[in-house]
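**Student:** Pasting the feature list from Swiss-Prot:
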type	residues	note
TOPO_DOM	1-67	topological domain 'Cytoplasmic'
TOPO_DOM	89-97	topological domain 'Extracellular'
TOPO_DOM	119-143	topological domain 'Cytoplasmic'
TOPO_DOM	165-192	topological domain 'Extracellular'
TOPO_DOM	214-222	topological domain 'Cytoplasmic'
TOPO_DOM	244-251	topological domain 'Extracellular'
TOPO_DOM	273-290	topological domain 'Cytoplasmic'
TOPO_DOM	312-341	topological domain 'Extracellular'
TOPO_DOM	363-389	topological domain 'Cytoplasmic'
TOPO_DOM	472-477	topological domain 'Extracellular'
TOPO_DOM	499-505	topological domain 'Cytoplasmic'
TOPO_DOM	559-569	topological domain 'Cytoplasmic'
TRANSMEM	68-88	transmembrane segment
TRANSMEM	98-118	transmembrane segment
TRANSMEM	144-164	transmembrane segment
TRANSMEM	223-243	transmembrane segment
TRANSMEM	291-311	transmembrane segment
TRANSMEM	342-362	transmembrane segment
TRANSMEM	390-410	transmembrane segment
TRANSMEM	412-432	transmembrane segment
TRANSMEM	451-471	transmembrane segment
TRANSMEM	478-498	transmembrane segment
TRANSMEM	506-526	transmembrane segment
TRANSMEM	538-558	transmembrane segment
Amino acid sequence: MEGEERGYWRWSKRDFFPEESFQSFGSYRAALSQTCSRFKNRLVSRSDDENERFELKKQSEHEMKRCLTWWDLVWFGFGSVIGAGIFVLTGQEAHEQAGPAIVLSYVVSGLSAMLSVFCYTEFAVEIPVAGGSFAYLRIELGDFAAFITAGNILLESIVGTAAVARAWTSYFATLLNRSPNALRIKTDLSSGFNLLDPIAVVVIAASATIASISTRKTSLLNWIASAINTLVIFFVIIAGFIHADTSNLTPFLPFGPEGVFRAAAVVYFAYGGFDSIATMAEETKNPSRDIPIGLLGSMSIITVIYCLMALSLSMMQKYTDIDPNAAYSVAFQSVGMKWGKYLVALGALKGMTTVLLVGALGQARYVTHIARTHMIPPIFALVHPKTGTPINANLLVAIPSALIAFFSGLDVLASLLSISTLFIFTMMPIALLVRRYYVRQDTPRVHLIKLITCLLFVVVSSMGTSAYWGMQRKGSWIGYTVTVPFWFLGTLGIVFFVPQQRTPKVWGVPLVPWLPCLSIATNIFLMGSLGAMAFVRFGVCTLAMLLYYFLLGLHATFDMAHQQIVPRT
């Protein structure tokens, strides 16, 4: 009966598709015939703070346990970020794209990431829900924009987990004094998919299992592992500078400035894990105090650490000799510290283990909130009554991640992951500006038109700057004299002609609209620095998302919004 307590494990059709549109072939056919009108409705439909914070949480049936403090969030920041970039992508991008200037790539991507961190922090304090960027965009930019973001969040979660798990295998092999690919199974499949990785599958399964047991225990385990990893990082930095050879920094820009920005766009993945902290808001004891400390504190320290580690690697070994699969271990071996490579490999394993562990927590919470809106089946929104964790959501991310990690190489995954991350981070400052300058039923239409016009100036000029850079017209600056002034005009237009409609209650981004507009520009610029194949893969994935949306997601969310849901029995 409706309202009767049910067990967590349930597999009926109505648990996956309780919406009226899916109860029979006739009702589904009728829903498809209304696709255009339903899309128009959802395109302009926006949620609100109260709905996201209170009403949607009822879909989970049980609440998550508030057990985290700012201390936990800082270590979650370390655990989710350090490991993925430094131990996975630094060697690859230094060797192939930037050379010793990889340190500048980390500076560029770090500054851009900090701008995004500001935006995330304001939203997380104002709207402390598990959905993170998905919930924020659903409130400010509407249902369709939130869906595209949801698709990219799932893509980022699945591909990111697979990429780190593949790298885990490489470092484990190095720790055993074998080549990075020694533990993989060679096949006759096409390049990039011909090295099967069963160890990566086991690592993903273990991380998902631990994250499903208890958030508090996962936090404790992450704290211990991250502390060990931090000690290894200090060893790497100090030992790296002790064995530094400044001649390895020459030439500093072997691939030119273009290489720096291409590498920056890829190593941006190194900062992508910080958004996991925002998804912990429902489990944080004091979100308004703890989230700013956790986000801003951890990311500031991490940016400095990344730059120092990248510099130490470049000074230890010539960029042409850097091993793209296990850079630090091989670098220490090259300077005579053969024992050092084992310590570095162990630290890298610790770092990537925490990335997988914290990632499993954050990704499951994203999925939980997306499922609460019925964009994906609501069974994935359920929170287990005993563990207080979303086990079904963990499984939804872990299973496809394991399949991808089993087949796909790191180089195939990295660029696809970066463009997905950059897309989400570009949407966030746009949403923040909408939140500050537009309030439904209060903001005059003329001010809304001014805001949209100014935002178009900022976005289009940023795209123009990125495109002109991508044309590789070395020594020619005439294009920037057109695109950059338009960015300033758009930002100044917001300053002088669009009055702010909302002031943050607790913590807000400083220098609005300048910092959000700068975040838009840097993210779009970095996105444009990626290769053409990254956009092709991104386009294919986006088309797949849209196909799902128009066949399933649109009708499920329409029914949810209009309460056309069959009662659970």
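A Cβ is built for glycine as well, from the same backbone N, Cα and C atoms used for every other residue.
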**Student:** Considering pairs 6 or more residues apart, do the transmembrane segment (342-362) and the transmembrane segment (451-471) have at least three CB pairs under 8 Å?
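**Tutor:** No, these stretches are not in contact.
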**Student:** Give the one range among 98-118, 144-164, 223-243, 478-498 whose Cβ atoms make the most pairs under 8 Å with those of the transmembrane segment (390-410).
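**Tutor:** Maximum Cβ contact count belongs to 144-164.
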**Student:** Please check if the transmembrane segment (291-311) comes into contact with the transmembrane segment (144-164), where contact means 3 or more CB pairs closer than 8 Å and the residues in each pair are separated by 6 or more positions.
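**Tutor:** Contact between the transmembrane segment (291-311) and the transmembrane segment (144-164): absent.
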**Student:** Within the same chain, where does the topological domain 'Extracellular' (89-97) have neighbours whose Cβ lies under 8 angstroms from its own Cβ atoms, ignoring anything closer than 6 residues to its ends? I mean 6 or more beyond.
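**Tutor:** For the topological domain 'Extracellular' (89-97), the nonlocal Cβ contacts are 105, 255, 259, 262-263, 266-267, 269-270, 309-310, 313-314, 319-320, 322-328, 410-411, 414.
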**Student:** Cβ under 8 Å to the topological domain 'Extracellular' (244-251), counting only same-chain residues 6 or more beyond its ends: which ones?
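**Tutor:** Residues 99-100, 312, 314-319 contact the topological domain 'Extracellular' (244-251) from elsewhere in the chain.
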**Student:** Going by DSSP assignments with H, G and I as helix and E and B as strand, what are the residue counts for the topological domain 'Cytoplasmic' (273-290)?
**Tutor:** 13 helix, 1 strand, 4 coil
**Student:** Using DSSP, how many residues of the topological domain 'Extracellular' (312-341) fall into helix, strand and coil, respectively?
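**Tutor:** Going by DSSP assignments, the topological domain 'Extracellular' (312-341) contains 20 helix, 0 strand, 10 coil.
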